[in-house]
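Asks: Taken from TrEMBL, the feature domain 'Glycoside hydrolase family 31 N-terminal' applies to 38-209. TrEMBL lists 251-578 with the feature domain 'Glycoside hydrolase family 31 TIM barrel'. Taken from TrEMBL, the feature domain 'Glycosyl hydrolase family 31 C-terminal' applies to 587-673. According to TrEMBL, the domain 'DUF5110' annotation covers 690-757.
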Amino acid sequence: MITNTELHSQGNVFPGKLNQFDQVVDTLTFNTDNGVILRLQVFRDSVIRFKYGTGGKLEEDFSYAIDEDGNRGYNKLEVIEKENHYEITTSKIICKISKADLRSRIFDLEGKIVCEDELGFHYEESYQYGGEIVKMSKKAQPGESYYGLGDKPADNNMRAKRFELWGTDQYAFGKQTDPLYKNVPFYIGLQNKISYGIFFDNTFRSFFDFAQERHHVTSFWAQGGVMDYYFIYGPDVNSVVSGYTELTGKPELPPLWALGYHQCKWSYYPESNVREVAAKFRELQIPCDAIYLDIDYMDGFRCFTWDEEKFPNPTQMISDLREDGFKTIAIIDPGIKVDPEYSVYQEAMEKDYFCKRADGPYMKGKVWPGQCYFPDYTNPKVRTWWADLFKGLIADNGLAGVWNDMNEPAVMEVPNKTFPDDVRHDFDGHPCSHRKAHNIYGMQMARATYEGVKKFIYPKRPFVITRSAYSGTQRYTSSWFGDNVATWEHLSIANIQAQRMSLSGMSFAGSDIGGFAEQPTGELFARWIALGVFHPFCRVHSSGDHGDQEPWTFDENVTNITRKFVELRYKLLPYLYTTFWQYVEEGTPMLKSLVVYDQEDAQTHYRNDEFMYGDKFLVCPVLEPNAKGRRMYIPRGEWYNFWTRETIIGGKEAWVDADIDEIPLFVKAGSIIPRYPVMQYVGEKVIEFLTLDVYCAIGKDKSVVYEDASDGYDYKKGRFSLRNLSFNGTENEIIISQYKDGKYTTEYETLRLNFIGLPFEIDYVEVDNLKISMEDLNYDLNTQTMYVNKNFVELHIVGK
Ligand code: GLC
C-alpha cells in the first residue's frame with residue numbers, strides 16, 4: 001500500500017511556477033515551468049473540474065462515470081488575474097489558483113473558505129508500472145466532517161479514518177473491513193455550516209485519508225491514471241449529492257413492483273419449492289412482488305442455461321408465478337464455464353470476447369462452475385453480445401429482472417480474490433491492464449445486463465441488481481450490500497450502508513435482510529424487517545445453509561410482525577415512489593442521514609442510527625436485543641409519533657417506546673402522506689381512492705405525490721400525475737391547496753383525507769369556494785376522514 005507518508009518521499013514532484021495561462025470559454029489552462037498542467041473547467045456555477053497533466057501534456061478525456069446528458073452551463077464566469085493568483089468567480093463560488101504552485105482555494109461569495117489545497121496536487125513516478133501515483137492533499141478544517149464513499153461499513157462520519165477503493169468479494173465482512181464490493185470515489189466535506197463534494201474520477205486502486213495520518217490534512221491518491229476531480233459546492237449536503245448525481249447520472253424510474261418486497265435464498269429449487277414459497281406468501285397474506293432464483297437454477301452453473309431436471313418448464317413456471325403477481329428474477333455471474341460443448345463459451349471463444357493475460361493466455365479463474373473465462377465488458381462489442389444473450393431469459397422465459405453477482409470480479413481460492421494485475425482490457429478503445437479496469441468491471445457488466453434486460457422487456461421497465469459498482473452505476477441498476485452476517489452488529493451496518501449509499505448517489509440499495517451468513521433469531525429478523533421496509537430496495541436473502549429465512553420460519557409472532565411491516569411498506573408505496581421520482585428528477589438522496597436533514601445542528605454530524613426516509617419520515621431502528629424502545633435524537637422541528645400520534649418538539653434526545661412489533665417512527669408535522677390500500681402485490685387491486693394522511697400543524701409545509709402507470713415509458717411523454725400540495729394551518733383553519741401537473745389519469749376519482757392532530761372541531765368545509773355539507777364529504781368524526789374530488793384546487797377546513 002502506498003501511504004501518505006510518501007508525500008514527503010524524495011520522489012514527489014510538485015507543480016512549479018505558472019508560466020502560461022490560457023482561457024477558452026469555460027476552460028482555463030495553467031501551465032507551469034516544470035511541465036505540470038492544470039485544466040480547470042467550469043461545469044456549472046457550483047461544479048468545477050480540476051484535471052492535471054504532467055510532462056507538458058494532458059491525457060485524453062474518457063470516463064465511465066460521467067453522464068454526458070447531465071446539465072451543464074453557468075450563469076456567471078469572471079476570470080481576473082491578480083498579483084499572486086488567478087481569481088475565478090461564478091454565481092456561487094470564488095476559486096483562487098496560486099501562480100507560485102497552482103494550489104487552489106475555494107470560497108463562498110461571502111468570502112468564507114469552503115475547501116483549500118494543503119500541498120495540493122503532486123505525483124510520484126511509478127517505476128514498476130510506468131505512469132504516476134497521483135496525489136492530492138487538502139486542509140482539513142477544524143471540526144470538518146466527511147461523508148459518502150459508497151458502501152463502507154464504518155460510521156457515517158469518516159473523519160480520522162482511511163479507506164481504500166478496490167472492489168473485493170468480502171464474504172462475512174465486518175465493521176472494519178475495507179475495501180468492500182463497491183468503488184465510489186466521492187466524498188462530502190462539511191465545515192463551518194458549508195458543505196461541498198469531491199469526486200475523484202480515477203478507476204485505479206485509490207485511497208482516501210480523512211485527517212487520519214495528519215490531523216489537519218485530508219488527502220486522496222491513486223496508483224495510476226490522472227488527478228482528475230470535480231469540486232461540487234453545496235452549501236447544503238443535499239445539493240452536493242444532487243450535484244454529484246447530476247454529474248454521474250440518475251436512474252430511470254424502476255417499475256413500481258421493484259419497490260415491493262422481494263424474497264430470495266441461495267437457492268430455491270426445484271420448481272416445486274419455488275411454487276411452494278410463493279404460495280405460502282399468498283396463503284399467509286404477506287405481500288410479495290418478486291422471487292429470486294440463485295445459481296442452482298442453471299445447468300452446472302452455466303449462465304443462460306436451465307437445469308432441466310430441477311426446472312423442466314421454466315417458461316410455464318414463470319408465467320404461473322406472474323399470474324399470481326410474482327416477478328421472477330435470476331442470477332447471472334460473469335464467470336463463463338470453460339466447456340467446449342457450451343454455446344456461450346463457444347461464441348465468446350470464436351469472437352475473442354474473453355479477457356486475456358498480458359502474455360496471451362486467457363484469464364482463467366475458479367468460480368461456481370469450476371474453471372471459467374471472463375467476458376471483457378469494457379469492450380463495447382462484448383457488451384452488445386452480452387445484452388443479446390438475455391433474449392432467452394427475458395423475452396422467451398419471461399424473467400422480469402436480472403441479478404448480477406461476483407462482478408468485483410471475484411475469483412475463488414486465490415489470495416487476492418480477483419484477477420491478477422496484468423490482465424488486459426479494452427476499456428472502450430483505450431487498452432489497459434486490470435489495474436485500471438478492475439474498479440469498473442462490475443459496473444460494465446451491470447451496464448451490459450441492463451441494456452439486454454431493457455431491450456427484451458420493452459415496453460416495460462427493466463430491473464437489474466448488482467453487487468459491485470463504480471460511480472455512475474446508478475444509471476443502470478440497483479444494488480445490495482453483499483454477504484453480511486445475521487448479527488446485531490450487521491443490522492447496524494446495514495443501516496449505515498443504506499444511508500451512505502444514498503449519500504453516494506446510489507439510493508436504490510438495501511441489505512440482505514436477516515443476514516446472509518448464519519441464522520438470525522426471530523427477534524433479530526423482526527427488527528431487521530422493521531428497518532428493511534424503509535430501505536429503497538427491500539429483499540430478504542440468506543445463504544440457506546443454516547436453515548430457512550422466510551418470514552414464517554421463526555414463529556407466529558415474527559410472521560405477524562413481518563406482515564405488519566411489509567403491509568406498511570405497501571401502504572406507503574406512493575410515498576416511496578414519489579421519493580424515487582424526486583431522486584430521478586433532482587438527484588437527491590432517498591434516505592437522508594440526519595446531517596443531510598439539518599447540517600446546521602452539530603448534534604447531527606456524528607449520528608448513525610436515525611435517518612429520514614424521504615423528506616417526511618424519521619426512522620430509527622432498534623439495534624439491540626431485548627429492547628422495549630431506545631433513546632434517539634429527534635431533530636429540530638415538530639414531529640408526530642407515527643404509532644401513538646403524540647407530538648414532540650425536537651432538538652433533543654428522547655426515549656421512544658418500540659416493542660418488538662414497532663420501530664421508532666415519526667412524521668414531520670405539516671406533512672401530507674399518500675397511502676394505498678394493502679395489496680399482496682403491485683397492481684393486485686383497483687385503487688378506489690388515494691388516502692392522504694394530513695399531519696396537522698400550525699404553519700406551512702409542502703408535499704408532493706407522484707404517480708404514473710407504474711411501468712412503461714409513457715411518463716416520459718408527460719403521462720404522469722403530480723400533485724403539489726400546500727398545507728397551511730392556523731388555530732382554527734386549515735387550507736390545503738393543490739396544483740396538478742401531468743397528463744396521466746389516475747384510476748381513482750376521490751381523495752380520502754385523513755386528519756391527524758386536527759386542532760379544532762370542524763364548523764364547515766369549502767371546496768373550491770363552495771360550502772360542502774359534511775354528509776356530502778362523508779365525514780367521519782371518529783376517524784377524522786372525509787372524501788373530496790381528486791381535482792380540488794383549494795380546500796378550507798374551518799373550525800368552530
Ligand atoms: C454470493 C452472493 C450471494 C449469492 C451467492 C450464490 O455469495 O453475494 O448473494 O447468494 O453468491 O450465488
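Counting begins at 1 with the first residue displayed.
Glycine too: its Cβ is placed from the backbone N, Cα and C atoms.
Note: TrEMBL annotation is automatic and uncurated.
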Asks: Find the member of 38-209, 251-578, 587-673 that has more C-beta pairs under 8 Å to the domain 'DUF5110' (690-757) than any other listed stretch.
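Replies: Stretch with the highest Cβ contact count: 587-673.
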Asks: Summarise the domain 'DUF5110' (690-757) as counts of helix, strand and coil residues per DSSP.
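Replies: Counting residues per DSSP class in the domain 'DUF5110' (690-757), I get 4 helix, 42 strand, 22 coil.
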Asks: Over the span of the domain 'Glycosyl hydrolase family 31 C-terminal' (587-673), how high is the average pLDDT in this prediction?
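Replies: Looking only at the domain 'Glycosyl hydrolase family 31 C-terminal' (587-673), pLDDT averages out to 98.
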Asks: Please work out the helix, strand and coil residue numbers for the domain 'Glycosyl hydrolase family 31 C-terminal' (587-673) from the DSSP assignment.
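Replies: Summed by class, the stretch gives 7 helix, 34 strand, 46 coil.
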